Each structure stands twice: as C-alpha cells, then as structure tokens.
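Comments concern the structure below.
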Amino acid sequence: MAYQKVECQFNGQTLTLETGKMARQADGAVVVSFGGTKVLCTAVSAKQMREGQSFFPLTVNYQEKFYAGGKIPGSFFRRERGATERETLVCRLIDRPLRPLFPKGYMFETQIMPTVISVDEQNDPDTLAMVGASAAIAVSDIPFDGPVAAVRVGRVEGNLIANPTIEQRAESDMDIIVSGSRDAIIMVEGETRFISEQEMLDALFFAHEAIQPLIDVQLELVKIAGKEKREFSVPEIDPAVVEKVAELAETRLSEAVKIRTKQDRYAAVAEIKTEILETLAADFEDQEDDISEAFGNLQKRLVRQMVARDKVRIDGRDKNTIRPITCEIGLLPRAHGSALFTRGETQALVAAALGTSKDEQRMDNVQSMEFKKFMLHYNFPPFCVGETSMRLFPGRREIGHGMLAERSIAQVLPNHDDFPYTLRVVSDILESNGSSSMASVCGASLALMDAGVPVSEAVAGIAMGLIKEGDDIVVLSDILGDEDHLGDMDFKVTGTREGITALQMDIKIKGVSKEIMQQALEQAREGRLHILDKMAEAITAPRSDLSPYAPRITTIQVKPDQVRTVIGPGGKNVRGIIEATGCAIDIEDDGRINIASADGDACKAAIKMIRNLTQEAVVGKLYMATVKKIMEFGAFVEIFPGTEGLVHISELAKERVKKVTDILQEGDQVLVKCLDIDRQGKIKLSRKEALGQSLPEEG
C-alpha cells in the first residue's frame with residue numbers, strides 16, 4: 001500500500017489523515033493529526049463468520065499511551081493497565097455512531113483500535129479518534145455506509161466553537177460531542193449549564209455543519225487510497241417460514257404485545273414462540289433460527305405499526321404520558337442520604353455518602369492528573385430484569401450510564417470551596433423496564449437533598465423515543481425497554497426547571513429532521529417538569545443539616561507562610577493533632593485547612609490546637625509562657641507553641657536582678673507582657689510589666 005496523505009483546514013489548524021506508513025497489515029489504518037495530537041486508528045474484520053453467529057461482534061478498544069504525553073504510568077509495573085474510565089467512555093463514543101452504519105446481516109468479528117500516540121495540551125484526542133476510526137474503516141475493504149465525523153461543541157460568551165481548546169472548554173457553558181454523516185446527526189453526548197431547548201438545537205446543527213469538512217477529507221482519502229469493499233452474503237429467511245409464522249402467530253401476537261405488564265407480556269410472547277417452534281419443527285427441520293428470526297421480525301413490525309399508525313403504546317399510554325412515579329427518601333438510616341425512585345416498572349435505589357479529600361479519586365491520564373471530588377456509580381444487577389449472570393465488574397454500559405447521570409447532577413453541586421466534601425452517589429437498579437439511567441438521575445438528586453448537600457436545584461431526567469413507519473412519525477415520552485429496542489431513536493435529556501444539564505442521543509435511521517428533534521426536546525421539557533413536580537412531593541429543598549453520621553468539615557484559614565508551622569518537621573505537628581483528636585485534616589498550599597470529624601468536640605479541639613500553632617504575638621497582650629532557655633542576659637520563653645521571645649534581665653523584676661536564675665529556672669511558668677515586635681519578628685517580653693496582673697478568663 002502506497003503512502004497517502006490528505007489535509008484540511010479546521011478551526012484555524014491543519015487536520016491531517018495519513019495511510020500506508022503505519023500498521024500496514026491491518027485491513028485499514030489511518031493516522032489522524034491535529035496540532036501536536038496524533039491518533040493511530042486501525043480496523044480489522046474477520047474473513048470468515050463464526051458458525052451460528054446471530055449478532056454483529058464489533059469491538060472498539062481505544063487506548064491512550066502515556067508516552068504520548070511524555071509520561072510514565074504510575075502503576076506498580078509502570079505499564080498501561082486495563083481500560084480506564086475515560087478510555088471506556090471514549091470507546092462508547094466511537095462505537096455508537098459506527099455500529100448502525102455496517103450493513104444489515106454483516107456479522108463478521110470486527111475490531112477497531114484507536115491508539116493515542118502523541119498528545120498536546122490543547123487538543124483532546126477523543127474526537128480525533130472518532131474521525132480516524134471512521135477513516136480507517138472507510139479506506140479498508142470492510143463494508144461500511146460511512147464515513148462519519150465528530151466534533152466537540154463549546155460556547156464561550158454566547159459564541160459556539162467547534163473543537164474548543166482545553167482552555168476554552170474551561171470557560172464554556174456546554175461540552176457536547178456530536179457525530180454525524182453527510183446527511184444526518186447520528187449521536188450526541190454532552191453536558192451543559194442550564195441551556196434552553198432552542199440553544200441546544202442550534203448547537204446540534206452548528207456541529208453538523210462543522211463536521212462537513214471532516215467528511216470531505218475522508219472521502220478524499222478514500223478516493224486515492226481506498227480498497228474495494230469485500231462482498232459477503234446475508235443468509236435469507238425462507239419466505240415459506242415467514243409466511244407460516246405470520247399465519248400462525250400474527251393474531252395472537254397482536255394481542256400479546258398489548259399486555260401492559262412487562263413480565264406477563266414476555267411470558268405470553270414466549271409461550272406463543274415456543275408453540276410456533278414446536279408446530280413448525282416437523283415442516284421446517286433444522287430451521288429453528290429462521291423461525292425465531294421471523295417471529296422476532298413479526299413482533300417488531302406489529303409493535304411499530306401499533307405505535308406509529310394506531311397511536312397506541314405497549315402499556316396503553318399516549319405519546320406524552322409519563323408512567324406513574326413514586327419517590328421515597330431516607331430509607332437507609334446509616335447512609336448519609338438515600339432515595340427510592342420508582343417510575344412504572346423501573347426502580348432505582350440511590351445512596352449518597354460524604355467524605356473528605358482523602359476520598360477523592362485520582363485520575364491519571366495522558367494529558368493531566370486530576371482528583372475527582374464527585375462520583376456517581378451505576379449498577380445494573382441481573383435480578384433487575386429477572387435474569388442470572390456472573391458479574392464481577394461494571395461493564396461499559398454501566399460506566400456510560402453512570403457518567404451520564406454524573407454529568408447531569410454535577411451542574412447543580414455547590415462550589416467545593418463552600419462545601420469541601422468528596423461526594424459519592426451509588427444507583428442500584430432494582431427493576432428495569434427502560435430509562436434506568438434517567439431514574440438514577442432523579443434518585444441521585446433526591447438522595448443528595450436528603451443528605452443535606454446544598455444543591456442549587458433538583459434535577460430530573462427523561463428518555464425520549466421515536467418510531468417512524470413511512471410517513472407516520474411518533475415521538476414518545478418516557479420510553480419502555482421494548483420501545484427503546486424496537487424504536488428508531490433513544491434521546492435522553494436531563495435538567496432542572498431552568499434548563500438542560502446533560503443529554504445523550506442515538507439515532508438509528510436517516511432523515512430525522514430539525515423539526516422532529518425540536519418536538520422531541522420540547523416534549524422532553526414538558527415531561528421533565530412533570531417529573532420534577534412529582535419529586536417535589538418528597539422533598540423541595542436540601543435538608544438544613546447533614547446526617548449525624550456524616551463527617552463535619554470545618555474550614556479555617558491561616559497565612560500561607562504558616563502552613564509549614566502547622567505541618568511541622570516531617571509532619572510532626574499535624575500528625576500530633578490527628579492522633580490527639582481523631583480528626584482528618586487536609587492542608588492546602590494557600591493556607592486553607594479543612595478539619596473533618598463526626599465529633600464536634602474533637603473538631604473544636606483540633607481547631608484550637610491549630611490556632612495555638614499559628615497565633616501571632618500582639619503588643620500589650622499578656623501570655624503565660626514557659627521558660628525554655630536561661631542566658632546571662634535574660635531568658636527565652638515560649639508564649640505559645642512554636643513562638644518564643646526574650647525576657648531581658650532588666651525586664652525580670654522592678655528591682656535590679658544580678659542573675660537570671662535568681663528569678664527563673666528552665667521549665668518555669670511565668671506571666672509576661674509583649675512589649676515590642678521588631679522588623680525581623682523578634683519578640684521583646686517583660687515579666688516586670690506583668691507583675692500584679694492576671695490573664696483574662698477564657699470566654
């Protein structure tokens with residue numbers, strides 16, 4: 001394969017696609033470069049399909065090499081470990097727009113591997129990996145209805161920006177990744193700070209316009225370096241099987257799919273399917289897979305026709321109606337906050353825990369190292385759908401759903417300086433029939449308010465769907481699991497009464513117009529407000545106090561140059577305070593000190609010890625001092641821990657003193673008065689001026 005290179009101008013910089021130099025034995029390999037960031041993207045697809053394969057085994061493995069940023073991994077073996085949370089999330093971003101563009105019936109094992117091999121401090125490699133992955137498939141012989149491209153959209157001072165730099169992202173009120181083809185938006189993922197539905201719509205179509213040059217440059221590369229696409233055959237279902245299944249099952253199945261409860265509906269459908277398989281086994285020997293596929297296709301067609309044409313949903317609702325909602329809080333007495341959110345047959349048990357800076361999660365990646373102060377973890381155990389399976393670790397779906405909920409809630413959390421807690425929220429899905437991630441958002445909002453976390457507003461989430469049959473189009477609010485599986489769009493929107501905080505969208509078909517998206521966003525807003533009203537019946541504002549089991553964090557401020565004094569040599573002073581009081585103490589370089597303890601008295605004791613270490617002498621004030629060292633010319637005394645001053649021999653008594661030891665001995669307690677503090681900070685003290693006086697009583 002000859003080396004080929006194409007370029008385009010994007011956002012004031014040059015984006016480059018190269019092929020034919022690296023990874024030449026892959027079916028497709030492209031290096032995408034932008035600024036100092038480079039991503040090597042490879043695509044390989046098996047030449048033979050596994051026997052009995054019934055789904056498309058696509059795997060995306062995105063990896064950030066630490067050498068790309070001139071770093072060495074911090075792990076014990078100094079190697080990159082398994083996929084980080086960030087890498088897992090980027091894998092999903094790449095997978096979701098690519099998967100629907102492979103031909104129907106293509107079930108050959110396919111692996112996409114974007115590898116970050118160089119990274120600068122301004123250009124995030126995630127959207128570049130999305131472009132490079134599409135380009136690698138496009139130039140390969142793998143069948144593909146692409147290319148697609150992706151951009152990140154930010155907004156600074158009201159101006160939309162495509163692929164903002166990391167500096168610009170820090171100032172932006174939105175962070176959205178949009179992926180699309182030449183004609184349509186396919187995938188959206190991101191977070192915003194309370195923007196309106198119209199502003200969101202404008203951002204989406206701004207992004208679609210921005211990706212066009214990235215589509216063009218891929219097509220240019222395909223033109224000069226693309227391979228001829230391989231041919232493959234799709235096994236077709238025997239038409240006789242399709243006809244017989246419809247004849248035997250259509251009437252009964254039409255009624256079964258209208259059963260409103262999920263388990264009863266599934267049982268009825270399974271019973272019909274079993275009977276059909278048994279009935280047709282003799283006439284269509286060894287065609288069980290065809291019979292099952294024909295039955296599934298029939299079920300899909302019946303449900304879609306029922307919703308799109310008859311305007312009747314599986315559970316009897318109209319397109320706008322939200323399932324019945326119940327909200328309970330404070331169920332778990334020892335969790336710092338808890339909620340049980342139930343919407344129809346979807347239920348989330350959500351708990352919140354408050355911790356200190358020691359509980360922050362260290363996030364070490366190729367571009368930076370951060371400490372995460374808010375985490376939301378989503379768990380989807382098999383029992384929530386009445387199944388069994390081995391679960392050891394959260395899967396990609398669970399990590400993705402948890403991050404969507406985390407982004408949704410993060411916008412309403414208090415500033416860390418005002419509320420210096422580390423927060424962890426866990427959502428355990430107890431029942432699932434669609435929209436479990438949105439139930440997690442609602443439950444998390446309730447649990448945090450129950451915990452007394454001063455969130456600015458409640459947050460709710462809703463999943464929207466779309467079914468398009470010819471000219472019949474229906475946008476559905478609060479979709480069921482079957483409506484998600486059998487529909488054409490999954491559009492999750494979260495937000496407050498003020499605006500949108502996060503969204504996630506996957507579109508499976510072409511031709512979803514701006515008007516349809518506008519309708520979906522408006523319908524989602526109406527649904528979100530309804531859900532917020534239901535949540536307000538349980539709690540309207542954060543509790544005024546934290547759980548008695550939560551740590552109390554008190555923040556005090558000392559001068560930055562006093563931090564060393566508080567810490568002490570080798571950490572001696574701060575360790576002593578921790579051992580004496582049992583408090584957790586976190587000291588910032590700017591002099592901010594957080595003291596955490598569930599015991600209020602212990603916290604007060606720690607504060608007093610720190611104040612003793614950092615207090616400064618005041619001219620004219622009396623101190624009870626300890627004699628530390630006797631000299632011929634006077635005595636050095638400690639007026640408080642770490643601070644000493646000199647009592648000159650002439651200041652020991654009103655009469656003349658010949659020897660210091662006539663008045664003082666080392667270890668004596670003596671009342672002194674501060675006379676002066678010179679420019680070097682030396683403290684001049686007097687015993688003579690303190691005679692006849694006493695310390696004021698502590699109030």
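Cβ atoms are placed via backbone N, Cα and C, with glycine included.
Small disclaimer: the values here were computed from a predicted structure and weren't measured.
Swiss-Prot annotations:
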- D484, D490: Mg(2+) binding site (BINDING)
- 551-610: domain 'KH' (DOMAIN)
- 620-688: domain 'S1 motif' (DOMAIN)
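For the domain 'KH' (551-610), the DSSP-based tally of helix, strand and coil residues reads 32 helix, 16 strand, 12 coil. A C-beta separation below 8 Å, combined with a sequence spacing of at least six in one chain, links D484 (Mg(2+) binding site) to G434, A463, G465, D490.
The average pLDDT computed for the domain 'KH' (551-610) is 91.
Helix, strand and coil residue tallies for the domain 'S1 motif' (620-688), in that order: 7 helix, 36 strand, 26 coil [DSSP].
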